[in-house]
Each structure stands twice: as C-alpha cells, then as structure tokens.
Amino acid sequence: MAVQISPSILSADFARLADEAARVEGVADWLHVDVMDYHFVPNLTLGLPVVEALLKTTSTPIDCHLMIDDPDRWAPGYAEAGAASVTIHAEAAKAAVRTLRAIRAAGARSGLAINPATPVDPYEDLLPEIDMLLVMTVEPGFGGQGFLDIMLPKITKARGLIDKYGGEVWLQVDGGVSAATIERCAEAGADVFVAGNAVYGADDPAQAVRSLRALAQQA
Ligand code: DX5
Ligand code: ZN
C-alpha cells in the first residue's frame, strides 16, 4: 500500500486559496476540498465555482469530499469539471451505485464516505463500484476536531473487507489525523490520509506533509 497525503484546505486561508494550494504543490498527493451545504452538515464552505477556480491554479489533483444533501444530483458535475476524485456520503445518496458510476464515467475516481455511526459492512457489496472508501474519524462538518479512537476497529474491518474483495480500493481516513494519530490509522490499514489542521495549522505545511508521510510509512 502506498501512503498518500491529502491536505484539507478547510484549515487554509480561504482568502488566499491559490497561495495555500501552492504551499503543498509537489509534496502532497492530493488537495482535499470539503464541500458543505448547511444541510448534510451544520457548516457551509464552497461549491463548484471555487473548485473550478482551484483547478485552474494548481496541478495537484483535487480530492472532492461532498458533505452535501442530494449528491446524486451534484456529484457528477465535480467530476465533469475535472476533480480527479469525488467522494459522496452513503448517508446522503439515494442512488449510490448510479452516482458512483456517473463519477467514473466522467473520468474521476469514485469515493464513498461513511460517518462515525455508519457501519461499513452494508457497503461490502459496493466495493466494485468504488475506487476509495472514506472512513470518517470525526463527525463531518468542521476541521480541528479530536480524532475518534473508537473508529480504529472500523478501519481494520474496512481493510479486511477490501483485502477479501481483492480489487484496488484505497482506504481514506479524514478527521483529527495528525502526527499523534496517523500511525494508528496506518497500522489499522488506511492508506490515504486527509489532514487539515495538522498541515495548514503548521508553520511549514510542506514539511508537515513530509513528516506525516514518514510517520505513516514507518507504521
Ligand atoms: C471535516 C472534513 C475534514 C477536515 C479535517 O468534516 O471532512 O476534511 O478538514 O480537518 P482536521 O484534519 O483538522 O480534522
Ligand atoms: Zn473532508
């Protein structure tokens, strides 16, 4: 499993997004963009126009995490715009298979996210439809929250299901991932690590990405 780091711009300066993206370019594997709609989560961030603007300014592939109601309606548009990965929430999708297929058909990797209270087992049958499973390690909506240790068994279980399936599905963790928690996530089987505060709260975001990668690799 190759370790990949996806810094979340939720913790970056929204007035200087192009500069903030540039600070991790060439070092980060992905740029994680959290789309929130005030409905699926109690916070509002940004949408397609800002993603389109970011796509013009950075060469880092964009990893869109859609924390929105009705992803069936909106997700394909992010893939069509050029996001390299688009993740929808299982709790919000009414036609997950159709939407995951539409994301792939538009040329992006398809991702399925599950909240802390959502068990992973019911989604085993969807593994052929996805390129990445996202196990949330905080309740979605805000950066800078504490890592939920109680999610570690779910990461282990998800890794087991993916290995049993045998296809290439990445296992992403998002929420409270930091130098203090990333090794536990890697040991449990995660291979794609989102980090907001741990990267953009650091004086040197690029160095923070390197440090996180080294910790995950040695786990
Ligand atoms: C939270 C978002 C995360 C957030 C993580 O709902 O999905 O991507 O940016 O932030 P940290 O790493 O600070 O917990
Ligand atoms: Zn996220």
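Going from the start of the chain as shown, residues are counted 1 onward.
Just so you know, glycine gets a Cβ as well, placed from its N, Cα and C.
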Query - divalent metal cation binding, same site as His32, Asp34, His65 - TrEMBL member from Asp149, Asp163, Asp174, Asp191 - result: Asp174
Query raised in the report: Using the residues the record lists for substrate (Ser8, His65, Gly141, Phe142, Gly143, Gly144, Asp174, Gly175, Gly176), what whole-number Å value is the largest Cα to Cα distance?
Result: 16
Query raised in the report: Across all protein chains in the structure, which of the binding-site residues Gly141, Gly143, Gly176 has the highest Cβ count within 10 Å?
Result: Gly176
Query raised in the report: Taking just the CA atoms, what is the gap between Asp34 (divalent metal cation binding site) and Ser8 (substrate binding site) in Å?
Result: 7
Requested in this report: Identify all same-chain residues not among Ser8, His65, Gly141, Phe142, Gly143, Gly144, Asp174, Gly175, Gly176 whose C-beta atom falls within 8 angstroms of the centroid of the substrate site's C-beta atoms; report them in sequence order.
Outcome: Leu10, Asp34, Val138, Pro140, Gln145, Val194, Gly196, Asn197
Query raised in the report: Taking the Cα atoms as reference points, how far is His65 (divalent metal cation binding site) from Gly143 (substrate binding site) in Å?
Result: 13
Query raised in the report: For the binding-site residues Asp34, His65, Gly141, Gly143, Asp174, which residues place their CB under 6 A from an atom of ligand 2?
Result: Asp34, His65, Asp174
